[in-house]
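The active site annotation in Swiss-Prot covers H140, K161, R245. The active site, proton acceptor feature in Swiss-Prot is assigned to D179. Per Swiss-Prot, ATP binding site is recorded for G155, D156, S157, G158, V159, G160, K161, S162. Annotation source Swiss-Prot lists Mg(2+) binding site at S162, E204. If you look up Swiss-Prot, you'll see 266-271 marked as region 'Important for the catalytic mechanism of dephosphorylation', on the strength of sequence analysis.
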Amino acid sequence: MADSVSMERLVTDLKLQVYSGEAHLKEKIVTLSDISRPGLELTGYFNYYPYERIQLFGMTEVSFTQNMTAEERLMIMRRMASENTPCFLISRSLEPPKEMLQAAEESGIPVLGSNLSTTRLSSLVTDYLDGQLAERRSMHGVLVDIYGLGVLITGDSGVGKSETALELVKRGHRLIADDRVDVYQQDERTVVGEAPMILRHLLEIRGIGIIDVMNLFGAGAVRADTSISLIVHLQNWSQDKKYDRLGSDTEEQMIFDVPVPKITVPVKVGRNLAIIIEVAAMNFRAKSMGYDATKTFEANLGKLIESNSDDEN
């Protein structure tokens, strides 16, 4: 979890244009993901002005300032240019008013821009800051992208998680993280997992050591991060434990405030775990699209029992 994001990093990661204040990019930081679009502030009402937020100007805001005199624009911009304001951000590649550039220069505030529409730019910056500023936790497991689904493979040490991930990579799927997965909540329904920088693209295989998946299999075999859609827990087979054979039992595991579907796969000699997990991901996708093989089987079984009962009567 980062406490803040510098304007320099924001410009680099989101490929923003710098109109002015390039010398202040490193020192200016933002600590909130919320963005402010000035409204009443442009009329001179500054009660509850969120000076600590990025100030976003779109077509509406810029055109409104054009109806002011130069003196009025300069006065308003100077009041908005608090020393704690991270930056002024302008959408649609609009030309910033001269008074904005002057007030920003006086207060050491960068003026940034983008060719995106105001709504898209707002969403892009908010999502980016949410990801950078979100609380992070570490989980033990392996995260793999299987057919576009983020599958977190968990289980006791030595159960075969990394070996299974290696087989999945050979089958064309993509590795995100091995051994340690850093997770954060992106929104109310989404949890994202990524690898720590030092472990990125690396996989540890007992007896072989550490391998670099990207160098061995190419850039298409790895991803930086992915949302976690399914948890597959590998558990050593036990005769004393009952396992779900129909897939009717639904489990969930809470990660932050998000319930993530979970299935338990018993590990036994001779079972191809990579194929099992691959099929589990495909089956999960089918269920999310409205087809449930278990419910179909139960419905057909019910019809058969009902038909046999009618024949006996």
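Easy rule for this one: first residue shown is 1, then count along the chain.
Cβ atoms here come from the backbone N, Cα and C positions, even for glycine.
In the predicted model, the region 'Important for the catalytic mechanism of dephosphorylation' (266-271) shows an average pLDDT of 80. Among the binding-site residues S157, S162, the residue whose Cβ has the fewest other Cβ atoms within 10 Å is S157. DSSP assigns D179 (active site, proton acceptor) to coil in the three-state reduction, outside any helix or strand.
E204 (Mg(2+) binding site) carries a strand DSSP state (E or B). Of all the recorded positions listed (H140, V159, G160, K161, D179), H140 has the fewest other CB atoms within 10 A of its CB.
Under the DSSP three-state reduction, K161 (active site) is assigned to helix. Each of the binding-site residues G155, G158 was scored by the number of other CB atoms within 10 Å of its CB, and the largest score is that of G155. H140 (active site) is 9 Å away from D156 (ATP binding site) when you measure Cα to Cα. Remark: secondary structure over the region 'Important for the catalytic mechanism of dephosphorylation' (266-271) totals 0 helix, 2 strand, 4 coil, with classes taken from DSSP. Within 10 Å of H140 (active site), counting CA to CA, the recorded positions G155, S157, G158, S162, D179 contribute G155, S157, D179. In sequence order, S162, D178, D179, I210, I211 make up the list of same-chain residues 6 or more apart from E204 (Mg(2+) binding site) whose Cβ falls under 8 Å from its Cβ. Using a 10 Å Cβ-Cβ cutoff, D156 (ATP binding site) registers 13 neighbours. Under DSSP, G155 (ATP binding site) is assigned to a strand (E or B) in the three-state scheme.
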